[in-house]
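J.: Grabbed the feature section from Swiss-Prot, which reads as follows:
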- CYS174: active site, thioimidate intermediate (ACT_SITE)
- 203-226: NADP(+) binding site (BINDING)
Amino acid sequence: MKIFDYEDIQLIPNKCIVESRSECDTTIQFGPKKFKLPVVPANMQTVMNEKLAKWFAENDYFYIMHRFDEEARIPFIKHMQNSGLFASISVGVKKAEFDFIEKLAQEKLIPEYITIDIAHGHSDSVINMIKHIKTHIPDSFVIAGNVGTPEGVRELENAGADATKVGIGPGRVCITKIKTGFGTGGWQLAALNICSKAARKPLIADGGIRTHGDIAKSIRFGASMVMIGSLFAAHEESPGETVELDGKQYKEYFGSASEFQKGEHKNVEGKKMFVEHKGSLMDTLKEMQQDLQSSISYAGGKDLKSLRTVDYVIVRNSIFNGDRD
């Protein structure tokens, strides 16, 4: 098995067939809807909130609302659907969450997307939740995770998941690999690659994205959608406190299993950091799209499919050659 991560890989260009990168199509059909980009902000409190979720839906971008304000979920679904927008929510696997799914069914509230969101998704509890959702609200598109193995992908798909999230602790504010010794940190792209060999349904690459080029690499190695946390954090529109440090503006960014999210120091697998203020989120999305269009042009195609078949070389952490200094 080849082991590598994003910084170890360089994709090899093919002959360009477009006059301009603007001809390249970055749209993706994911579940019942088509989106402008194959990216989704991480469903974290310092990355996504209701206001941003509405803006993303209005502008044909995918989003997943976090699950850390449980009482707000039903009003959120109603508000989004009454506004003619899609509802995309997260659930956990505790007993109350099973009751919540039944309540949605009773009220005939059908979110277009439901993400089962726990750190170790290859588990009986997630499999039971997938089956529970598919029994009570079968029309919802179910995303389950997170996993890091082909066996995990197969089991969640067999249980009824419509898509699977791949990634155990590779994110900047996730310390699972340090606290537990387990995870895909340092080999996330290889984990995605081996999981894609088993997948029959879409995969979401979750974690470890440091540059826009990593989006193209994720698609090459099997992702349909790419979940991004730190690159989407710390914008003008982002949730989170703004602080000034040494004359520069920063915003807080913390992991979903951090004590800052949990409100207690118990089973902590996330940390908090401050990310330098990045300006407008709209500008970042525009740049992300342009960079992905350039990736498609280098791949010798006109749409995302062309990225899936390009050749690559493994260069072992050398592609930056001091560019980060």
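Each Cβ is built from the backbone N, Cα and C atoms, and glycine gets one as well.
As the structure is a computational prediction, the values presented were derived from the model and not from experiment.
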J.: For the binding-site residues SER218, SER224, which one has its C-beta crowded by the most other C-beta atoms within 10 angstroms?
T.: SER218
J.: Any idea what the Cα distance is from ILE209 (NADP(+) binding site) over to the residue listed as 'active site, thioimidate intermediate', rounded to a whole Å?
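T.: Checking the Cα atoms of ILE209 (NADP(+) binding site) and the residue listed as 'active site, thioimidate intermediate' gives a distance of 13 Å.
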J.: For ILE215 (NADP(+) binding site), which residues in the same chain are close in space, meaning a Cβ under 8 Å from its Cβ, but six or more apart along the sequence?
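T.: Non-local contacts for ILE215 (NADP(+) binding site): PRO38, VAL39, ILE209, VAL226, ILE228, MET288, ASP291, LEU292, SER295.
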J.: Please report the Cα separation of PHE221 (NADP(+) binding site) and CYS174 (active site, thioimidate intermediate) in Å, rounded to an integer.
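T.: With distance taken Cα to Cα, CYS174 (active site, thioimidate intermediate) is 22 Å from PHE221 (NADP(+) binding site).
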J.: Enumerate same-chain residues with a sequence separation of six or more from HIS212 (NADP(+) binding site) and a Cβ-Cβ distance below 8 A; give 'none' if the list is empty.
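T.: For HIS212 (NADP(+) binding site), the qualifying residues are LEU231, GLU287, MET288, ASP291, LEU292.
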J.: SER218 (NADP(+) binding site) to the residue listed as 'active site, thioimidate intermediate': how many Å between their Cα atoms?
T.: 19
J.: Roughly how many Å separate the Cα of CYS174 (active site, thioimidate intermediate) from that of ASP206 (NADP(+) binding site), to the nearest whole number?
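T.: Cα to Cα, CYS174 (active site, thioimidate intermediate) and ASP206 (NADP(+) binding site) are separated by 11 Å.
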J.: If you count Cβ atoms within 10 Å of the Cβ of LEU203 (NADP(+) binding site), leaving out that atom itself, what do you get?
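T.: So the Cβ neighbour count for LEU203 (NADP(+) binding site) comes to 26.
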J.: Tell me which residues of the chain lie with their Cβ under 8 angstroms from that of ASP206 (NADP(+) binding site), as long as they are six or more apart in sequence?
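T.: Listed in sequence order: ALA42, GLY145, ASN146, LYS165, VAL166, GLY167, GLY171, MET227.
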